[in-house]
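Presented below is the structure to which this report refers.
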Amino acid sequence: MSLVKRRKFRTFALLLCVITFTTLLFSYTFRDPSLYFFKYFRLSDSFFSKGPCSCQQCVAELEGDPWFAEHFNLSIHPLMTRENSFLSEETFKWWQWLQSERQPANFSEVVEELFQVIPDDVLYVDASPERCRSCAVVGNSGNLKRSRYGGLIDACDFIIRMNQAPTSGFEEDVGTRTTHHVMYPESAIDLDNTTSLVLIPFKTLDLQWVISALTTGAITHTYLPVRARIKANKDKVLIYSPTFFKYVHESWLEGHGRYPSTGFLSLLLALHICDEVSVFGFGADRYGNWHHYWEENHLAGAFRHTGVHDGDYEYNVTLLLADKHKIRMFTGR
C-alpha cells in the first residue's frame with residue numbers, strides 16, 4: 001500500500017471513530033444530549049480535584065453556598081488553649097455578662113492554673129482531603145424513644161452528648177458510646193475514663209470549678225450548688241472557648257436569645273471538628289411534645305422556652321443546615 005493510501009486510510013478510520021463515539025454520546029439521552037457532556041466534565045473535574053475531606057459530602061465545602069460561607073469561620077477554634085485564651089475586651093465583657101460574678105478572679109491567672117491541671121493541646125486541626133471524620137451529635141429529645149438509632153450513633157467516629165444524657169437502659173435508641181460529653185458545672189455528671197469532658201464555661205468561676213472538681217473539691221457553689229468532685233479523665237478535659245461561644249451567638253444565631261443552648265453549641269462544635277455530621281434527638285417528638293427521652297413528661301415546651309435560648313430560631317437554623325446537606329437530621333420514627 002502506498003504512503004498516500006495509508007494516510008487516507010488512517011484519516012478515514014479516525015473520522016469513523018469520531019462519528020461512532022459522537023453518535024453513542026448523543027444517543028445517551030434523546031431529550032438533551034448535553035446532559036451527558038455536563039455529567040462527563042463534572043466527573044472529570046471531581047476526579048482531578050480534591051475537596052476538603054474524603055467524605056461524600058464535606059461540612060467545610062464552601063463553594064456554591066454563600067450563606068454557609070458567610071457564617072462558617074474555620075479560623076475560630078472551638079476549644080481553648082493557652083495560645084488562644086486571650087479574650088478581647090468586647091468578648092470578655094459579653095462572656096462575663098452571661099452569668100455575672102460579684103468579684104471574679106483574674107482570668108489570665110485562672111487560665112494558667114487550669115492548664116497546669118489539664119493538657120494544653122491543640123486538637124482537631126488535622127483536616128485534610130484524605131480524612132473523613134463522622135460525628136453524631138446526640139440531643140436529649142423524646143423523639144429518640146423507640147427510634148432504634150443506637151447502631152447508627154455508635155457507628156460514628158465521634159459521639160457528642162450533653163448534660164444528663166443517660167445511655168443505660170436506652171442503648172437500642174441512643175447507643176452506648178460517648179467520645180465527648182458537653183456540660184457546665186451545674187449539669188456535671190461522672191464520666192468513664194475514655195470520654196472527653198467538654199466544659200462550657202459561662203464565667204471565670206466555672207474554670208475554677210473544673211480545677212477544683214479534679215483536685216481539691218473546694219468549690220461547691222456557683223450560682224447554684226454544684227458537685228465538689230467529679231469522675232473524669234483530667235487528661236481528656238476540654239474547654240469550650242468563650243471566643244467561639246460568642247461567634248456562635250453572633251454569627252449563627254445573629255444575637256437571638258441571651259446565649260445559645262448546649263445543644264446548639266454542641267452542633268457547632270461538631271461542624272468545626274468533623275467532616276460529616278449526623279444529628280439525633282433534636283426537636284419535638286412526633287406528637288409535637290418537647291421533653292427528654294428518659295422522662296415520662298409530655299408537656300409541650302417543657303425545655304423549649306427557657307427564657308435564655310431562642311429554641312425556634314436555633315431549630316430553624318438546624319433545619320436549614322440539613323436542607324443544605326451540611327448535616328443529616330434524624331428526627332425519630
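Using the three backbone atoms N, Cα and C, a Cβ is placed for every residue, glycine included.
Just so you know, TrEMBL annotations are computer predictions that nobody has curated.
Features as listed in TrEMBL:
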type	residues	note
BINDING	GLN99, ASN140, ASN163, TYR223, TYR259, GLY263, GLY283, HIS292, HIS309	substrate binding site
DISULFID	CYS135-CYS274	disulfide bond
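Locations of recorded TrEMBL features on the structure.
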| residue | record | contacts (Cβ under 8 Å, 6+ apart) |
| --- | --- | --- |
| GLN99 | substrate binding site | PHE202, LYS203, THR222, TYR223 |
| CYS135 | disulfide bond | CYS156, ASP157, PHE158, ILE159, ILE160, ALA270, ILE273, CYS274, GLU276, VAL277, SER278 |
| ASN163 | substrate binding site | ASN140, VAL182, MET183, SER187, ILE189, THR262 |
| TYR259 | substrate binding site | LEU98, PHE202, PHE245, HIS249, VAL308, HIS309 |
| GLY283 | substrate binding site | SER141, ASN143, TRP290, TYR315, THR318, THR331 |
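Cβ neighbour count for CYS274 (disulfide bond) (all protein chains, 10 Å cutoff from its Cβ): 28. Looking at the residues that bind substrate per the record, GLN99, ASN140, ASN163, TYR223, TYR259, GLY263, GLY283, HIS292, HIS309, the two CA atoms farthest apart are separated by 28 Å. Classification of CYS135 (disulfide bond) by DSSP places it within a strand.
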